Amino acid sequence: MTTRIAIVGAAGRMGRMLIEAVGEADGAELVAAVDRPGSDFVGADAGELAGIGRLGLAVGDDLEAALAAADVLIDFTLPEATGGVLQACRTTGTALVIGTTGLGEAQLAALDAAAGEIPLVFAPNYSTGVNLTLKLAELAARALGDSVDIEIIEAHHRHKVDAPSGTALALGQRVADTLGRDLKQCAVYGREGRTGERDRQTIGFETIRAGDIVGEHTVLYAGAGERIEITHRASNRMTFAAGAVRAAQWVAGREPGRYDMQDVLGL
């Protein structure tokens with residue numbers, strides 16, 4: 001059975017990757033590519049925009065019209081667009097995959113409300129490798145407990161606008177949940193000046209923004225005489241796009257609810 005997929009944010013870096021990824025996936029069909037009204041790319045051929053040759057599908061700017069033909073929408077846009085995307089999918093009953101990061105509490109609450117009506121997948125990262133890293137981070141935290149200091153270091157390209165990354169926060173949340181800690185209370189974001197001795201109950205976050213780094217995440221568990229580092233490095237954004245398409249094929253036709261990539265992968 002073919003899954004009919006629409007993409008919003010089609011002219012963006014990830015949008016173009018998604019167009020290519022849908023074309024490469026078995027059992028998936030791109031039925032709509034949408035960009036913001038007024039975009040210079042509206043009317044362009046989606047395939048030519050993605051660099052894969054002409055598809056005969058023009059980029060549009062009417063999201064609800066695009067959803068009428070789709071089983072599922074993939075959204076990699078900006079947090080301020082999330083509310084409109086959720087409302088459009090609720091109106092049309094369309095399943096949704098959200099890859100947008102940097103969502104605030106109000107946007108997350110709106111996402112949960114939408115999950116009462118439509119099936120949606122929300123994940124900070126759609127890479128299979130990153131989601132395995134989340135599982136490994138949980139296993140390490142469970143085994144090591146409070147005997148180690150835990151730091152999360154992430155690096156991305158200079159154009160990324162949110163920090164720490166959604167993936168770094170997800171890693172921190174997974175570790176905190178495993179250890180029975182409240183991440184809001186124990187997270188330390190960067191250090192400067194005379195900080196005093198480190199509190200072992202804290203989870204540290206360090207952020208690097210430089211060059212064209214696609215994405216790197218390390219969870220460091222440092223104890224007496226040894227340390228463990230769990231690291232994932234992405235060398236190409238196509239891994240994220242392919243994972244999002246996999247999630248779209250998985251969520252189409254599911255019961256309403258909020259799912260994540262761990263559900264998609266059966267982890």
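Glycine is no exception: its Cβ is also placed from the backbone N, Cα and C atoms.
Per Swiss-Prot, the features are:
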- His156: active site, proton donor/acceptor (ACT_SITE)
- Lys160: active site, proton donor (ACT_SITE)
- Gly9, Ala10, Ala11, Gly12, Arg13, Met14, Asp35, Gly99, Thr100, Thr101, Ala123, Pro124, Asn125, Tyr126: NAD(+) binding site (BINDING)
- Arg36: NADP(+) binding site (BINDING)
- His157, Gly166, Thr167: (S)-2,3,4,5-tetrahydrodipicolinate binding site (BINDING)
Rounded to a whole number of Å, the separation of the Cα atoms of Asp35 (NAD(+) binding site) and Gly166 ((S)-2,3,4,5-tetrahydrodipicolinate binding site) comes to 23
Binding-site residues Ala11, Arg13, Ala123 vs His157 ((S)-2,3,4,5-tetrahydrodipicolinate binding site), shortest C-alpha separation belongs to Arg13
Of His156, Lys160, Gly166, Thr167, the recorded positions lying within 10 angstroms (C-alpha) of Ala11 (NAD(+) binding site) are none
Among the binding-site residues listed here (Gly9, Arg13, Ala123, Asn125), which has the Cα closest to the Cα of Thr167 ((S)-2,3,4,5-tetrahydrodipicolinate binding site)?
-> Asn125
Arg13 (NAD(+) binding site) to Lys160 (active site, proton donor), Cα to Cα, whole Å, comes out at 12
Cα distance (Å, whole number) from Gly166 ((S)-2,3,4,5-tetrahydrodipicolinate binding site) to Gly9 (NAD(+) binding site) | 19
Anything within 10 Å of Asn125 (NAD(+) binding site)? Look among the recorded positions Arg36, His156, Lys160, comparing CA atoms, and list what you find.
-> none
When you put Ala123 (NAD(+) binding site) at the centre and draw a 10 Å sphere around its Cα, which of the recorded positions Arg36, His156, Lys160 have their Cα inside it?
-> none
So how many other Cβ atoms are close to Ala11 (NAD(+) binding site), meaning within 10 Å of its Cβ?
-> 21
Intrachain C-beta neighbours of Gly166 ((S)-2,3,4,5-tetrahydrodipicolinate binding site), sequence separation six or more, cut-off 8 angstroms | Thr101, Gly102, Pro124, Asn125
So how many other Cβ atoms are close to Asn125 (NAD(+) binding site), meaning within 10 Å of its Cβ?
-> 27
Report the largest Cα to Cα distance, in Å and rounded to a whole number, among the residues Gly9, Ala10, Ala11, Gly12, Arg13, Met14, Asp35, Gly99, Thr100, Thr101, Ala123, Pro124, Asn125, Tyr126 that the record lists as binding NAD(+).
-> 22
